[in-house]
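Visitor: Dumping what TrEMBL says about this protein:
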TRANSMEM  B:37-56  transmembrane segment
TRANSMEM  B:63-82  transmembrane segment
TRANSMEM  B:88-110  transmembrane segment
TRANSMEM  B:203-222  transmembrane segment
TRANSMEM  B:252-274  transmembrane segment
TRANSMEM  B:286-310  transmembrane segment
TRANSMEM  B:322-341  transmembrane segment
TRANSMEM  B:348-366  transmembrane segment
TRANSMEM  B:372-391  transmembrane segment
Amino acid sequence: MSVAVELRHISKRFPGVIANKDVSMSVETGTVHALVGENGAGKSTVMKILYGMQRPDSGEILVNGTTVHFKNPNDAIEASIGMVHQHFMLADNFTVLENVILGSEPQHGITIDFAAARTKVVEMAAQYGLEIDPDVLVEELGVGQRQRVEILKVLYRGARILIFDEPTAVLVPQEVDDLFNALKGLRAQGMAIIFISHKLDEVLRVADDVTVIRAGSTVAEVKSKDVTARQLAELMVGSELPQPSTHGDTRRPEITLALKDVSIPTKSGSRDLISHVTFNLHAGEVVGIAGVEGNGQAELVEAIMGLRDYTGVIEFSAANINDLSVAHRRDLGIGLIPEDRQRQAMMMESPLWENRILGHQRGKPVMNGFVLDMKTIMTDTKSIMEEFDVRAPGPQTLAAALSGGNQQKFIVGREMSKAPSLLVASHPTRGVDVGAQGAIWEELRRAREKGMAIVLISADLEELIGMSDRLLVMLRGVVTAELDPAKTTPEQLGSAMTGAS
Amino acid sequence: MKTKAVKFLRYATILVFVLAIIRQITGASDLTSVGTASAALLLSVPIVLAGLGGLFSERSGVVNIGLEGMMVMGAWAGGMIGTKHGPWLGLLAAIVFGAVGALVHAIATITFGVDHVVSGVAINIIAMGLVRYLSTLLYKAGTWQGPSQSPDVNSIGTNSLPVLSGGNYFGWKSPDLLASLAEKHWFFISDLAAILRGITGDLSYVTVLAIAMVPLSLFVLWKTAFGLRLRSAGEAPIAAESLGVNVYAMKYAGVLISGGLAGLGGGFLAIVAANHYQENQVAGRGYIGLAALLFGNYRPGGIMMGAGLFGFADALQLRDSASVHALILLIVVVLAALVVRDIRKGKIVKAALTFAFAGLSLWYFMAVKELPGQLVTMTPYIATLLIMSLASQRLRMPAADGIPYRRGGLR
Amino acid sequence: MKKLKLSTVALAIAGPLAAAVVSITISSLAVLASHKSPIDAYKTMWDFGTTSGSLMQMLNTATPYYIAALAIAITFRAGLFNIGVEGQLRLGAIFGAYLGAKFILPPVLHIIAIMVIAMTIGGLWAAIAGYLKVKRGVSEVISTIMLNSLAGGLSSYLLANYFVDRTTNSNNMSTKTLPASGQFPDLMPLLNKFGVEDQPGGGVYGMLVFAIALGFVFWFVINRTRFGFELRASGSNPIAARFSGVNSKRMVFVAMALSGAVAGLAGLPAVLGETHAFNMGFRTGIGFSAIAVALLGRNNPLGMGISALLFGFLEVSSRSLELIDIAPETYVIMQGSILLSSVIAYEVVRRYKITLQSKELAKAVAE
């Protein structure tokens, strides 16, 4: 076996931040090599450097034994390196075919030779078991199929070295199995695969070798058969991982939130976005909503918050709130941690103190009548930052300057500051580092003990199982199952989510 | 594609039929005359060009409100160069000047990331000031007679469809079948013939060239690698960059082509639609071109249809105020159709409101014999507003349109 | 922390400074193109522009610019763009002048009544665009431009057919002259007391004081009230604003209508303070220059004030260029180049500021 890619002592600084410091790894052909590390450890930077999207400050990259200097992704593609991005890099309004050939279109005179391209793509898809209709628009595809398009894109360009950036983050267990089968097929064809992940059990399932990266530096390179998940985790974090869990039953008799037969019909009259959802949520209880993304969870949140029209009845503290606006519902004591913090919960170019007000602009403590109470806002912002360990110089710092984890801690702090009786938390720990994750779980636990009711939506099945008192599974807008988290494994939950069981 | 063409023909036939009825009722003969149709085509061309300009720019992801300013630059250059060096060079200069305006927009928005609308509006303000300044200089130098108008430009030759719409070919005088049919005053048939004669006879070569830009744009944007890459810059620039597409270059190309087309539209106004440059000649046609782009849902064929409607409204107000008066009746008919549709859909309140509005329009039509001149000149703008608000707003705009882009996805 | 503040100040100055250098270069080139010395041009402009007569005219030019710019800034802050200020102020002025001459009220009340009329008309006109945006999804940029053209036609139609005062025989069609109670007192008598002498054709609009007060109100409402916060939130992130409980559709409508109402006032300084009627000579282009003023002043009341004065100064002082045989229209080149180089400079500074803050932050965290 020969070495396909080798990184030697790569370092990269961004203004004020060291992203990579002395990273080295060596990937052999015909193997799957995992690169693991927690969020913010510098995995993506390594891959961006290898893919020519960024240039290292120092260090060397060797492909098949020769030193290369990539100026842009084109150079990397030339060197037969391909990347399957975590956030799919697809144009929704283009067909599969257009997405695949973009940038290396077969020519026929001055036009694109669509016929030749179609033939090639169909053949390739069959060869690697990635069948897909080349003429359908990408926006009509599901997550798993989109990933196929991404892989086809890379293969179409003749890649022999494939980088997969957190490919399983958006997949359900069954889709993960399909992906891993495809990876094994590619490996058998003599390709080198770099698999970036922080899900250690998956890494051990699929990888031959593992490189661990922590705080921007490589800390270990091991054979996967020689280590356990626990050992890897400790290498990755340098200490023990926090566990999502709650203790005891803190459920109180009073019902905080009740949904009765709630549906969201579509305008076109096709299948409801959510259909006849009914459940009660007690004070001091956490209900976890499990489901593959796009099965109605986002719409459920919007219905509870009053952001969307629905039929049926939603009651809060035994009162019908159907006619109340978003503002009124918030006033009553419903807090929200939305799924997309930058888009839905922050003004990125505003200072933190203004972000402190957002969502709370209708009363104390930030308001004095209709006028902003600047003094209180400033002290309050500071105290949230201290209490929730938001690392920033002060309330005047722009939200955009904060890291994702700090932004999320700030949002959690802001919503908790009002001590709402109901918290709707969508993916509260998505994309945050391990330390922040543990802190957010701890906050939720404490609030639950004090009687807060929580609707928890997450794609992280361990978080759902660990934090919830009760699990509801949503599939195509319908609650298809209710599970007891104490008796449910992630595998069982995954099957329930896809409707396989 | 075939079904679309059939659909288009059906709608067009219905429209002509309704117009014929209205002409019959009101006696506003100019509604479907050869002259109106030909003027409508002439006035559609600058809007088509502006709309296509908008298409290239916005498909590459750059909103271009600056089309208006680029047209102004083109019109001025067309007049200035056209006077000196003849109409063809004038048109070339119009393209170049439009592209220069676009270059400024491109530098501001693509390289520096300035808000697209802000930059576009700034360009419009600057373009108008610049041409006024330059015109004053020419006037002071004695080249121009006045500070707001260029001397006349020689005209460009015309052609027609042989047999059907007359013209001379190598000494052979072709019959003009459509025109003679139009003169028969047969209901509908003569109306149709007149409209066809209007849009096929005595065409300027430039008009033919400009209309040819519609299928050409379709071809370039959807059949070539360049087009695919340009559109990818407007749909998913980060993805495009990750595949080695030079997003900046594509956006620059889109904006520069946009400016060239808009400039040509301006030059057309000065050289073909009129025979000299005049201040305020563009009069919002850049914006109407944008409206045509939205109406056409970012597709060349749709843009042409939208431009045709606006051009028709514009032609009527220029030629004959009686026809604009008759146009109110057309609005009544359209509103009545909407009422029927709403009742069928069970939207009674909306239907009632529309009905009331239709009644009001009808009353106004009956009460006022002739529209005053100041109001007639408003026709194209009212038409734009009405069409924009009635047209379906299920727009499919490029996903990354108007979002400043930076390499590597930075803010 | 201190260092950050220092660099923030430096940044605030760097933008305008760079813009000034670029625009002076461009303007100089324009003057050079007509074979004249830029130095002479600037000197002539400065000498003429700083006479007290010119300064008064500068204030009078700047006052409507400022009010109109405030109107535009309301929509900018809400993430919208009201390009229709030109039409709104024109209709506000003509209705204010026509209806205001129909009744007599005690002095202050009469002026207030006229202002209310102008605000109502301007607000309603802009509300059309707001309605179309909310209900039909029509871009407010296009609809307000169309409404501008309509307002132009409508106002000349109304003036010629209904609003014209037929008792006076003049070539200049005009509405009836406002009664004394509806005329805004000039500031000249007050200035006389401070030793400023009368100038031929001089006088300073009393509405200057009103405009300054309006600037303060603008600052307070936008920056210190709940409404202002919700408006700015809608502007900086409409989705987050909606999630935080702002009714985004209503905000669009209200912001447009409010902007139109303020715009309605922008035509009044001349109507109430000078012509005391609406006539054919009503100044055009205020609304467009005001867009530039708002952009240049970054929607900040103080910044817009400075920009309005600058624009007024350039316009008035450039008239002197005729004396040395340079086209006075040179000022449009100056204004245009200032505008463009400023918006670019602001954007560059904004990006740099975020980078700088990230750096500072990384340092602070590392400590």
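Every residue gets a Cβ built from N, Cα and C, even glycine.
Remember, TrEMBL labels are computer predictions, not curated facts.
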Visitor: Apart from its near flanks, which chain residues at least 6 from the ends of the transmembrane segment (B:88-110) lie with a Cβ under 8 angstroms of it?
Guide: 53, 57, 62, 64, 66, 69-71, 73-82, 116, 119-120, 122-123, 126-127, 153, 156, 206, 248, 251-252, 255-256, 258-268, 270-271, 404-405
Visitor: At an 8 Å Cβ cut-off, counting only pairs 6 or more apart in sequence, do the transmembrane segment (B:372-391) and the transmembrane segment (B:252-274) clear the bar of 3 or more pairs?
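Guide: Result for the transmembrane segment (B:372-391) with the transmembrane segment (B:252-274) is no.
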Visitor: Using a threshold of three or more Cβ pairs below 8 Å, and leaving out pairs closer than 6 in sequence, do the transmembrane segment (B:63-82) and the transmembrane segment (B:203-222) count as in contact?
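Guide: Counting Cβ pairs under 8 Å, fewer than 3, so no.
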Visitor: Flag the pair the transmembrane segment (B:37-56) / the transmembrane segment (B:348-366) as in contact if three or more Cβ pairs fall under 8 Å (sequence separation 6 or more).
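Guide: Per Cβ check, the transmembrane segment (B:37-56) does not touch the transmembrane segment (B:348-366).
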Visitor: Can you tell me which recorded stretch out of B:63-82, B:286-310, B:348-366 has the most Cβ pairs within less than 8 Å of the transmembrane segment (B:252-274)?
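Guide: Result: B:63-82.
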Visitor: Counting only residues 6+ away from its ends, which parts of the chain sit with a Cβ under 8 Å from the transmembrane segment (B:63-82)?
Guide: 46, 50, 53-54, 57, 89-102, 105, 116-117, 119-128, 130-131, 134-135, 138, 150, 153-154, 255, 258-259, 262-271, 276-278, 281-282, 284-287, 289-290, 401-402
Visitor: Using a Cβ cut-off of under 8 Å, list the residues of the same chain at least 6 residues beyond the transmembrane segment (B:322-341) that approach it.
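Guide: Same-chain contacts beyond the flanks: 18-19, 22-23, 25-26, 28, 30-31, 36, 313, 316, 351, 354-355, 357-358, 361-362, 364-365, 368-371, 376, 379, 386, 390.
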Visitor: Under 8 Å between C-beta atoms and at least six residues away from its ends: which parts of the chain pack against the transmembrane segment (B:348-366)?
Guide: 325, 328-329, 331-332, 335-336, 338-339, 342
